[in-house]
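Structure record follows, encoded as structure tokens.
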Number of protein chains: 2
Amino acid sequence: MEALKQKILSEGKVLSESVLKVDSFLNHQIDPELMQEIGREFADRYADAGVTKILTLESSGIAPAVMTGLTMGVPVIFARKRKSLTLTNHLYSAEVYSFTKREANEISISQDFITSEDTVLIMDDFLANGQAVIGMINILQQADAQLAGIGIVIEKGFQEGGRKIRNQGYRVETLANIAELTDGKVTFMKEEKVV
Amino acid sequence: MEALKQKILSEGKVLSESVLKVDSFLNHQIDPELMQEIGREFADRYADAGVTKILTLESSGIAPAVMTGLTMGVPVIFARKRKSLTLTNHLYSAEVYSFTKREANEISISQDFITSEDTVLIMDDFLANGQAVIGMINILQQADAQLAGIGIVIEKGFQEGGRKIRNQGYRVETLANIAELTDGKVTFMKEEKVV
């Protein structure tokens, strides 16, 4: 998605060969119009997949997921990273290790909102080692729900997550797939279509 | 806002005289169309306030804030509740105690995204004792930014937060103001205009 790639090139900060900071439009400050474009793009790519719900993870997945849900006309569920006092029992849970934050979190959703009748689009802001997506797939398996596919805003194509998940036969749609972060520069994967 | 009140009456769960659970459309599962209506309502109420940025708090504030930002054409910043490894220095921070989660969190935003040039609309999903909003006001004071006002989806009018903040002279707009949660029923404040 060209508008997203241009935004990454103009505002993304390469902090190391594995860390790209996009705090000015996605992870801390949010650009609502860009999120709307992202939502329309995912809705278009998954238009024929029979999606009934979108599952994402707090916090940075929420904005693109809600915009996608608005276009598709389906509800969005965000998995929580810790249990809160008002959401304690009747949960599907999975353990997710975050390499960015160097900690393990339990992610959970209420059993009320995803059932075996649902076909779910999993979404997240970043795909790197794939831990969060694998945790969400695990949750869908517990709910016996169908997985339509995975929608990722920015993939770090040089890390193993995308390959691992695609090798399991799942569909992964990525709007900006990064080949490398070297010399402070972002290089995108060549195989992506250029508009 | 009538559509929101109807949604609260039909789907909200009164867990006690102080706890209303709205996990089916706001705090866990999100109804994107309702969020869009909420965004349009806040944009309308604050249309002449010169808002340049919206400040909210992860996670449940993000969806209504992003929809408001989309309608107003301004960026949204969500304060984080803990420092992450990619967002460590150059912060404005405030301590916020959550009565729901019974823990104190430090909320922080990067100094990059709010300056003395900004006029900020603070938004949150709930207003009860007001701790989160007071923390965000504190952050805006550190940034020497203007406060346009506060936009709250659901106010617990029987708790002290709203009164405390209005008494300090700040404008608070609430879309559903709850008078009481007794006998498992939600009663809204009478002074709100009924459509």
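Counting begins at 1 with the first residue displayed.
Note that Cβ sites are derived from N, Cα and C of the backbone, with glycine treated the same way.
Whatever TrEMBL says is automated annotation, not expert-curated.
Remember, predicted model here, so these are calculated numbers, not experimental data.
TrEMBL annotations:
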BINDING   B:LEU20, B:ASN27, B:LYS156  xanthine binding site
BINDING   B:ALA128, B:ASN129, B:GLY130, B:GLN131, B:ALA132  5-phospho-alpha-D-ribose 1-diphosphate binding site
Using the centroid of the Cβ atoms of B:LEU20, B:ASN27, B:LYS156 as reference, list every other same-chain residue with Cβ within 8 Å of it (recorded xanthine site), in sequence order.
B:GLY12, B:VAL19, B:LYS21, B:VAL22, B:ASP125, B:PHE126, B:ALA128, B:ILE154, B:ILE178
Given the binding-site residues B:ALA128, B:ASN129, B:GLY130, B:GLN131, B:ALA132, which one's Cα is the least distant from that of B:LEU20 (xanthine binding site)?
B:ALA128
Take the C-alpha atoms of B:GLN131 (5-phospho-alpha-D-ribose 1-diphosphate binding site) and B:ASN27 (xanthine binding site) and report the distance between them in angstrom, rounded.
18
What is the Cβ neighbour count of B:LEU20 (xanthine binding site) at a 10 Å cut-off, with all protein chains included?
21
Chain-mates of B:ALA128, B:ASN129, B:GLY130, B:GLN131, B:ALA132 with C-beta within 8 Å of site centroid, 5-phospho-alpha-D-ribose 1-diphosphate:
B:VAL96, B:PHE99, B:LEU127, B:VAL133, B:ILE134, B:GLN159, B:GLY161
Take the C-alpha atoms of B:ALA132 (5-phospho-alpha-D-ribose 1-diphosphate binding site) and B:LYS156 (xanthine binding site) and report the distance between them in angstrom, rounded.
14
Measuring CA to CA, name the entry from the binding-site residues B:ALA128, B:ASN129, B:GLY130 that ends up nearest B:LYS156 (xanthine binding site).
B:ALA128
How big is the Cα-to-Cα gap, in Å, between B:ASN27 (xanthine binding site) and B:GLY130 (5-phospho-alpha-D-ribose 1-diphosphate binding site)?
18
According to DSSP, does B:GLN131 (5-phospho-alpha-D-ribose 1-diphosphate binding site) sit in a helix, a strand, or coil?
helix
Taking the Cβ of B:GLY130 (5-phospho-alpha-D-ribose 1-diphosphate binding site) as the centre, count every other Cβ atom within 10 Å, in any protein chain shown.
24
Tertiary neighbours of B:ALA128 (5-phospho-alpha-D-ribose 1-diphosphate binding site) (same chain, Cβ under 8 Å, six or more apart):
B:SER18, B:PHE99, B:THR100, B:GLU155, B:LYS156, B:GLN159, B:GLY161
Across all protein chains in the structure, which of the binding-site residues B:ASN27, B:GLN131 has the highest Cβ count within 10 Å?
B:ASN27
Find, among the binding-site residues listed as B:ASN129, B:ALA132, the one whose Cβ has the highest number of other Cβ atoms within 10 Å in the structure shown.
B:ALA132
Take the Cβ of B:LYS156 (xanthine binding site) and count every other Cβ within 10 Å, whichever protein chain it belongs to.
23
